[in-house]
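Participant: Below is one structure. I have some questions about it.
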Amino acid sequence: SSLAGIMLLEVLLVLGTLLIYFLFSKKKEETLPFKDGWWGRGQKPVTKEDSSIRPFKVETTEEELSDLFRRLDQARFTEPLENSCFHYGINSMHLRKIVSYWKNQFNWKKQVEVLNKYPQFKTKIQGLDIHFVHVKPPRLPEGQAAKPLLMVHGWPGSFYEFYKIIPLLTDPASHGLGDEHVFEVICPSIPGYGFSEAPHKKDFNSVSAASVFYELMLRLGFNEFYIQGGDWGWLICTNLAQIAPNHVKGLHLNMVSVSKLGLTHLLSVLLGRYFPGLFGFQDEDVRRMFPFLKKGLYRILSESGYAHIQATKPDTVGCGLNDSPVGLAAYILEKFSSWTDMEFQNLEDGGLERKFSLDDLLTNIMIYWVSGCIVSSMRFYKENLQKGIGTQKHEKLTVQVPTGIASFPNEILHTPQAWAKKKYTNIVSFHFMPRGGHFAAFEEPELLAKDILQFVDKVEKEQLWKKK
């Protein structure tokens, strides 16, 4: 019985210790585990991975180009409905004009030179060849260091989206943006996009991409850095801030989406229009969100068909897109119309050239075409969404890193600050931008650059980020 008594005493001691621990221990800020995968072909080799960084240039062969032109020449077009503008998707009459420009005026060789004007590199991480652009400042003010900034694109974009914003960040003084904060910009291609190798194995999701980019930044010698993203870049950067909060000085987003919606969200959707103050809504939130059926639900339903396909059967529809440059252009250009401004659907030309040049739009499409990456880029939807929304660990965790949000008026869905701050607990700047849509860096580089600069200024001045 003395043995039983000792055992009981031990059990009580353990329970008591646990109780004291739980009462007095501060809730530990939970981080997201780093995902150490291997995504190459076949078996993982036993030898250590080659971690060298190799220069890369975009190059295409004459064979590739003559193949492209043959396909463009042999395109079969359908007749659009009369007066349908872009309401049924891209208008094929207008698509004919774009294809004609592609064949007769577009100068890919010149665009390759544009692509190669910034230094590009490749390096092997977790079994994949990762492509990235790395631009250092042309000059630095006395006694100042460049601040590393990782910028991540989304779908159906590419690293090229950042080409107009890069000079504003690496050489702000020459563009009237002051010289207090000068950046060294790193723009990788998401694996499976552009010139980054596609994963050969299933389950490469946003956390995998974040882990790869974290490893990339460390390999480049950056222990502390800023990160920025929209579209998938929003989620990848969010995950990176959850994996490495002690290395990420600040997170800047031009798109935010919240997957964990509670009762307050539901009530705010029903009543926010009438009692905005009760839900922390500002007038601009109300203007962008209501009527909610039209600007929320119907918009999701009318604009998310592509996502449903890509989250379920990407390889099927991908076959056609990878085989036809005209099909690929139609599929991608439609997004550059409606996601830039929903009203553009009412225009015969989809408003495509109101914010972008055809050269810029076709350069992005060519990155998809010459790398043959459309299918692997679409699979990213399945990897991120197949387990259901709200089920993954990263969705349940908050983000504690200082966060800046640039909220553009024509973003497909508006997320008010009141919703965002439940997920991002340390929002230090939230701005309603005066104009612009989903592809912010591509469409309004100056507005976005200014917002990034003021955000970084805040973080630095108020020392919001302290090494833990």
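Every residue gets a Cβ built from N, Cα and C, even glycine.
Note that the structure is predicted; figures quoted are calculated from it, not measured.
What TrEMBL lists as active site, nucleophile is D231. Here TrEMBL flags Y381 as active site, proton donor. The active site, proton acceptor annotation in TrEMBL covers H438. Under the heading domain 'Epoxide hydrolase N-terminal', TrEMBL lists 53-162. Under the heading transmembrane segment, TrEMBL lists 6-24.
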Participant: Count, for each of the active-site residues D231, Y381, the other C-beta atoms lying within 10 angstroms of its own C-beta, and report the residue with the smallest count.
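Facilitator: Sparsest of the active-site residues D231, Y381 by Cβ contacts within 10 Å: Y381.
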Participant: For H438 (active site, proton acceptor), which residues of its chain lie six or more apart in sequence with Cβ-Cβ distance below 8 Å?
Facilitator: G230, D231, M255, K335, W339, T340, F408, N410, E411, I412
Participant: So what's the average pLDDT for the domain 'Epoxide hydrolase N-terminal' (53-162)?
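Facilitator: PLDDT averaged over the stretch: 97.
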